[in-house]
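Novice: Pasting in a structure now, in structure tokens, and then I'll have a few things to ask.
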Amino acid sequence: MNRTDRLQTLGLITLLVGGLLSLLLYTLLRQIEDDEIQLKLISQAEQRSAALAVEGEAIEEALHGLDGLYAASTHVGPNEFRTFLQVAFPRQTEIRNAVWIERVRGSEIESLYDKARGDNYRDYQIRELSAESGKLVKSDPRDENLIVYHAYNRETPWLPQGLNLSTLSTYQQLLTHTTAAKQIVSLLGDKRFSQQNNATMELFLPVFERPLQSDTGNDPPAQLRGFIGLRIDVASMVETAYQRHIPKSAGLDVYIVDVDPRRSAEILYFHPSRARSTPIPPMPVSQLNKGHLVSKNLPLADTVWRTVLRPIPGYFETGQSTTPLFALIVSLLFTLLAGGYLNSLQRRRVDIQQLVEQRTAELNASRETNRAVLETVVDGIITIDTKGAVQTFNPAAEKIFGYPAEEVIGNNINMLMPEPFHSAHDGYLENYLTSGEKKIIGIGREVTGQRKDGSAFPMELAVSEMVVHEQRMFTGIVRDITERKMLEQVKSEFVSTVSHELRTPLTSIRGALDLVLGKVADQLPAKARKMLEMANRNSERLTLLINDILDLEKIESGRLVFEFKAQDLIPLAQQAIEDNHGYANKHDVSLILTTSLTEAAIYGDEHRLLQVFANLISNAVKYSHPGGEVELVIEAGDSGYRIAVCDHGSGIPEAFRSTIFQRFAQADSSDTREKGGTGLGLSITKAIIERHGGSIDYESELGKGTRFFFDLSAMEAESESPQASEEAQVLICEDNADVATILAEMVETQGGKADIATTAAAARTLLNSHLYRFMLLDLTLPDADGLQLLQELRNNPETAELPIIVVSGRAEEGRAAFAGDAVTVVDWLQKPVDQARLEYAMRSALSHTVRPHILHIEDDPDIVQIVQTLLEEMADLSFASSVKEAREQLASHQFELVILDLGLADGSGVELLDELKGHAPVVIFSAQVPDDEITRQVGAALTKSMTSNEQLLTTINRMLKE
């Protein structure tokens, strides 16, 4: 052991021994003080019990004083009774009421009434409480009666004068005190303890007639004369005793409990310590004996009260002195001085330890800050591990998804996703962890979530990766955009409706103005012609505004159709210059095309790209100086082409950069009047460029000009036609790679193999080269409208019988458009997809060729059986016996034909006709004969009793072929 180690060991021993001795001294002194505090607590309990006993004895003495009054007199009148009470109880404010209860036998009732009249009790009457009404009624005399004769009340009345207590079970026990014992009888009052401390105690002292002394020494037994009764307010009694004898707060909660063995324990009084800053409710009786307390029994009359004292928090700490602490400090200082030299050699280690503690505190503070942010941020924040298990789930996420955190943490994150994303998520995660290919990580996108109640909703999701303690974690930030989507939908519908409604009158106005200016302009006065020309210019401007609004609304709602084809930018640019040549000449501006390329092949929509060129060129021309020029430049980029429109005009202020591509944006409010325009051109341009997968930006310098430029991806050289797999049974036409992958995996679970086409053109190529069992089709494709492709496939003899399952966000729109006319459509499935329904549709398509699916709505089981037997070889049938069941079937399945009975158990089949429009053709097969109006709404109407099986079968075959 080296010297440093020995010094270190010696220093540790010195500190250890000194510390132990210091602690031993501190513990010993503290124990002495705790014992003193305990003795003080016991003393407080005895003081309070003694004070209460003194007050109780004073009441008992006063009660016996009343007994002396009656012993000294054969009759005590009302004035004597009242005067004696006022003299005997001047300080006993706790005595609320006093009564004289006289024992009267049945034969003595009339004597009692005579005595009452003599005492000037004019309306005196013996009464009892009615069991039915609870009111005082006249009482019939009994053999033994206890009747209230005198009643003295300081506050609220107690026992009314004339009340026969022998009729009340509570007071019948008084009759048992017919001996000469002077024992006071106690009863709990009607009011029990509450927060207002309003418990009362009733005390009764029996008074006996003094027996005559006989010469033989055998005195007759004393006879019960009656009772003196007092009603004591327990709270007033306790507080009076404490105020007189214990004026200072002791830091104790005081309970007075009735522990008479004849009845269950009950709190009569509770007083929280005056040292408490806020009041507290009393403890239940069952809890009173738990914890630190001191209790003292107090005999009172014939009962027992218990005083319970419970120290308030901090009671023991308040009573402790600083002496033990001072002794501890002194002894520790001595120990530290003794070992100071040795421990100074370890100072550097201590400094390092302090630095670590400081960093730990800072880390804890940072962790607390992060936790506060997570709990208060309005966006949902979720973290998962590499297995997809949820690790954290903040309050905002609980509100968004409807799950409490404890139900989500530890479970797979896919519980928050609808199908098909629910089944595919683990595959995404595993693929990223093994290949590093990012499909979700680091990308913000709009996705669909699923709440606890099963409802799907749109949300924004941004996922990022992090490493915590060498473990990879993923954080997702979620924002519910349901309300935003609803507002966008309402806004789009409003803008579209208003714009369309404006077009009709505006067309009439422009037509009329064109006719007037074209034919009779020379015949008009100059002033009138000038006004008409101004009106014509503004009508043209308003037309442009409405057209721009409609284009923008269609782009935002996804209803603007783009026809993507192979395009060459060079001819398009030349055509754009030619189209805008006249506009440029009007402003004395030249248009120039500059490029070193001979070809710039892209994949795009010719009409929309010309619209982009027109918007940018017209803006450049408007803001150019007369005699200036606008240059259109096409250059090759890293993976495509950059197209720029440059002018040498006034330029754009930098402050306008953040809003320039927003709707109705103008750099200066005066621009609209001076330059014209709607303020929508750049917003539309940006939307079109982004639909082409590109981006747009600009550079500008005030006074020198502006350069707008956008980038488009080059079309791959001679893109190869997609090749069909020989084993493939299913064709998936879906432009979203993630969704297509999920659908392909679901096909594999059904025992099939799938080819994927991301465009309509690719789907046509594959269909021309391979025979598929069925097809999954999205209606929103980059190069064609899915409904047009569906109609094209139906009209082509080679694909007319191909079973098709529509899987699209526009499925309901497609169903309505075809109105049940798409016989080969197995089902229309709205995204997000119901997985069970999709699997059922695929199983049907894989297991056999597609047969018509017919819904038979009929409540007669015999008719159902007949129709099923007729059609089982040619069609798949579903049945519904009521209007309710029919609606459920129509909501969850697609049918090629509906056979409808009009008389159903819960209503008429006529109720379903409006819902069946656009869903499937209808054949009425009913015992009721429909009227002409109903017949016109359906494909055929047959009466059961007048239709043979052959006629029914022929009609159904005809309807299916149509």
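Here the Cβ of each residue, glycine as well, is placed from N, Cα and C on the backbone.
According to TrEMBL:
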type: DOMAIN; residues: 366-436; note: domain 'PAS'
type: DOMAIN; residues: 443-493; note: domain 'PAC'
type: DOMAIN; residues: 497-716; note: domain 'Histidine kinase'
type: DOMAIN; residues: 729-846; note: domain 'Response regulatory'
type: DOMAIN; residues: 853-959; note: domain 'Response regulatory'
type: MOD_RES; residues: Asp778; note: 4-aspartylphosphate
type: MOD_RES; residues: Asp901; note: 4-aspartylphosphate
Novice: List the residues of the same chain that sit at least 6 positions away from Asp901 (4-aspartylphosphate) in sequence and have their Cβ under 8 Å from its Cβ, in sequence order, or write 'none'.
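Specialist: In sequence order, Ile857, Glu858, Asp859, Asp860, Ile863, Gly909, Ile924, Phe925, Ser926, Ala927 meet the Cβ cut-off.
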Novice: Can you work out the mean pLDDT of the predicted model over the domain 'PAS' (366-436)?
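Specialist: Over the domain 'PAS' (366-436), the predicted model scores a mean pLDDT of 84.
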Novice: With DSSP as the yardstick, break the domain 'Response regulatory' (729-846) down into helix, strand and coil residue counts.
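Specialist: Split by secondary structure, the domain 'Response regulatory' (729-846) comes out as 53 helix, 25 strand, 40 coil.
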Novice: Sequence gap of 6 or more, Cβ distance under 8 Å: name the residues on the same chain that satisfy this around Asp778 (4-aspartylphosphate), in order along the sequence.
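Specialist: Spatial neighbours, sequence-distant, of Asp778 (4-aspartylphosphate): Cys733, Glu734, Asp735, Asn736, Val739, Gly786, Val806, Val807, Ser808.
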Novice: When DSSP states are grouped into helix, strand and coil, how many residues of the domain 'PAC' (443-493) land in each?
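Specialist: Looking at the domain 'PAC' (443-493) with DSSP, the answer is 12 helix, 30 strand, 9 coil.
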Novice: Across the domain 'Response regulatory' (853-959), what are the DSSP residue counts per state (helix, strand, coil)?
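Specialist: For the domain 'Response regulatory' (853-959), the helix, strand and coil counts are 48 helix, 27 strand, 32 coil.
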